[in-house]
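**Q** Can you read through this structure? Questions will come right after.
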């Protein structure tokens with residue numbers, strides 16, 4: 001099938017006479033595109049990463065605050081089991097809030113748009129920050145717990161709305177790199193939480209509430225800057241049918257005045273979907289033409305949380321202690337994990353458009369399997385061999401790096417690439433639900449797995465990584481530089497559908513003549529300038 005004859009998701013440049021369609025050039029990084037991605041991620045995925053790590057450093061002081069509050073209210077100290085329960089709720093309820101956010105994001109992004117959803121989401125972040133930072137002053141640990149669940153709602157919404165926004169504003173030549181910004185800022189957020197939690201900064205008994213007050217800063221930065229950047233041009237055209245604003249958005253993000261080819265292409269998709277309402281989750285699950293795309297998203301998102309990285313954080317301090325590192329310096333050594341995580345994510349963003357999604361994702365899981373196996377042997381024998389704890393430290397850093405070069409960010413990129421405009425919100429809702437349910441399951445089940453298997457618990461995660469890598473090796477096509485139509489073609493045989501039965505060919509049937517196409521397009525553009533379609 002001629003790719004120019006189908007409603008594609010990404011940009012093709014109109015061919016010269018007698019030549020086929022050519023790919024757009026590589027100079028796609030405009031200043032507005034960079035600012036939109038950085039500011040969008042700073043007020044969204046950064047806060048998700050930050051809230052994953054921020055509770056670790058002040059945990060001793062927060063538990064003491066819980067005990068003192070309980071004793072002041074009831075006249076006796078809280079027992080150890082109740083204190084452990086309260087702390088477990090404080091940590092894990094973040095995932096419950098994330099699940100709520102993932103469920104409610106679909107109607108929000110449809111009604112308000114991608115950019116406005118990110119902006120409105122800051123209401124949750126600021127509210128949560130105020131509750132958590134003022135909990136010590138108010139003498140109410142319930143405020144801290146409530147703030148954590150509200151912060152989870154913020155994270156659930158942002159981890160769907162941000163990748164959706166980035167995938168819709170980026171040219172396909174840099175779609176993977178721009179999509180990796182989500183993962184990079186998660187890692188930067190984790191690292192920032194570790195740094196600010198040091199005793200010299202906010203990791204003290206009197207200053208720990210400031211760790212939560214800092215959350216307001218990224219939110220305010222996003223609220224101040226993001227309104228000056230455009231909404232997703234695809235949202236404006238395909239859901240709001242506003243050609244004028246979409247053209248201006250394309251011009252801003254692409255950094256050029258002539259965006260006729262980009263607008264024409266999205267309008268082609270718009271003509272196909274004009275009478276297609278936003279697809280619900282149930283409708284998406286029933287759609288045969290995207291069945292394996294949905295399964296692949298579920299597998300990658302499930303493995304994203306179940307691959308064992310949370311177990312690594314559990315063992316880090318113990319391994320550092322076994323290596324003979326002074327307990328007082330362990331928080332500083334732990335910063336190396338955050339630094340490695342960030343550098344690996346940046347590396348992935350730099351090479352993803354050269355190497356592709358498949359090698360990084362499958363290779364990342366493969367490396368994790370190898371280092372999990374070595375770590376299991378090392379932890380089992382480290383009391384007998386004095387140098388093995390250092391090998392364990394290396395394995396921890398290697399597992400973190402392996403995760404971040406592929407499994408840590410690419411699942412968000414794939415979810416944005418697999419589906420057409422009307423299906424994308426439902427797809428991100430499914431991905432978000434799997435993500436947060438898996439997150440909660442790990443937090444709930446890992447203590448029991450660790451208690452029963454001890455150091456052998458890492459073999460469970462190695463098996464999960466192996467299962468994920470095997471599935472992706474046989475099912476996942478390469479999506480680098482491919483349009484929606486080309487990705488659908490790659491899945492068509494596995495989905496047991498003929499492309500002739502899909503909307504792609506419905507559009508081809510509508511294109512009976514180039515004159516009719518040009519007339520339809522010209523009537524859609526309200527700036528009075530006639531622009532040729534792709535032929």
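Glycine too: its Cβ is placed from the backbone N, Cα and C atoms.
Checked TrEMBL, it gives:
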type     : residues : note
COMPBIAS : 516-527  : compositional bias 'Polar residues'
DOMAIN   : 37-480   : domain 'Major facilitator superfamily (MFS) profile'
REGION   : 1-26     : region 'Disordered'
REGION   : 507-535  : region 'Disordered'
TRANSMEM : 29-50    : transmembrane segment
TRANSMEM : 85-106   : transmembrane segment
TRANSMEM : 118-139  : transmembrane segment
TRANSMEM : 145-166  : transmembrane segment
TRANSMEM : 178-196  : transmembrane segment
TRANSMEM : 208-229  : transmembrane segment
TRANSMEM : 294-315  : transmembrane segment
TRANSMEM : 330-352  : transmembrane segment
TRANSMEM : 359-381  : transmembrane segment
TRANSMEM : 387-414  : transmembrane segment
TRANSMEM : 426-447  : transmembrane segment
TRANSMEM : 453-476  : transmembrane segment
**Q** Do the transmembrane segment (118-139) and the transmembrane segment (453-476) share at least 3 Cβ pairs under 8 Å, sequence separation 6 or more?
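**A** The transmembrane segment (453-476) and the transmembrane segment (118-139): touching, no.
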**Q** Apart from its near flanks, which chain residues at least 6 from the ends of the transmembrane segment (294-315) lie with a Cβ under 8 angstroms of it?
**A** 56, 284-285, 337, 361, 365, 368, 372, 379, 396, 399-400, 403, 407-408, 410-411, 414-415, 418, 427, 430-431, 434-435, 438-439, 441-443, 446, 450, 457-458, 460-462, 464-465, 467-468, 471-472, 475-476
**Q** For the transmembrane segment (453-476), I need the partner stretch with the highest count of C-beta pairs below 8 angstroms, choosing only from 29-50, 145-166, 208-229, 359-381.
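**A** The stretch with the most contacts is 359-381.
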**Q** With pairs 6 or more apart in sequence, are the transmembrane segment (208-229) and the transmembrane segment (29-50) linked by at least 3 Cβ pairs under 8 Å?
**A** yes
**Q** Any chance the transmembrane segment (145-166) and the transmembrane segment (330-352) are in contact, meaning at least three CB pairs closer than 8 A with a sequence separation of 6+?
**A** no
**Q** Other than its close neighbours in sequence, what residues sit by the transmembrane segment (29-50), given a CB gap under 8 Å and a spacing of at least six beyond its ends?
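**A** Non-local partners: 115, 118, 121-122, 125, 151, 154-155, 158-159, 161-162, 165-166, 169-170, 174, 178, 181-193, 214-215, 218-219, 221-223, 225-226, 229-230, 252-255.
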**Q** Need a quick answer: max count of Cβ pairs under 8 Å to the transmembrane segment (426-447), which of 85-106, 178-196, 330-352, 359-381 is it?
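**A** Counting Cβ pairs under 8 Å, the winner is 85-106.
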**Q** Could you pull the average pLDDT for the domain 'Major facilitator superfamily (MFS) profile' (37-480)?
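**A** Over the domain 'Major facilitator superfamily (MFS) profile' (37-480), the predicted model scores a mean pLDDT of 90.
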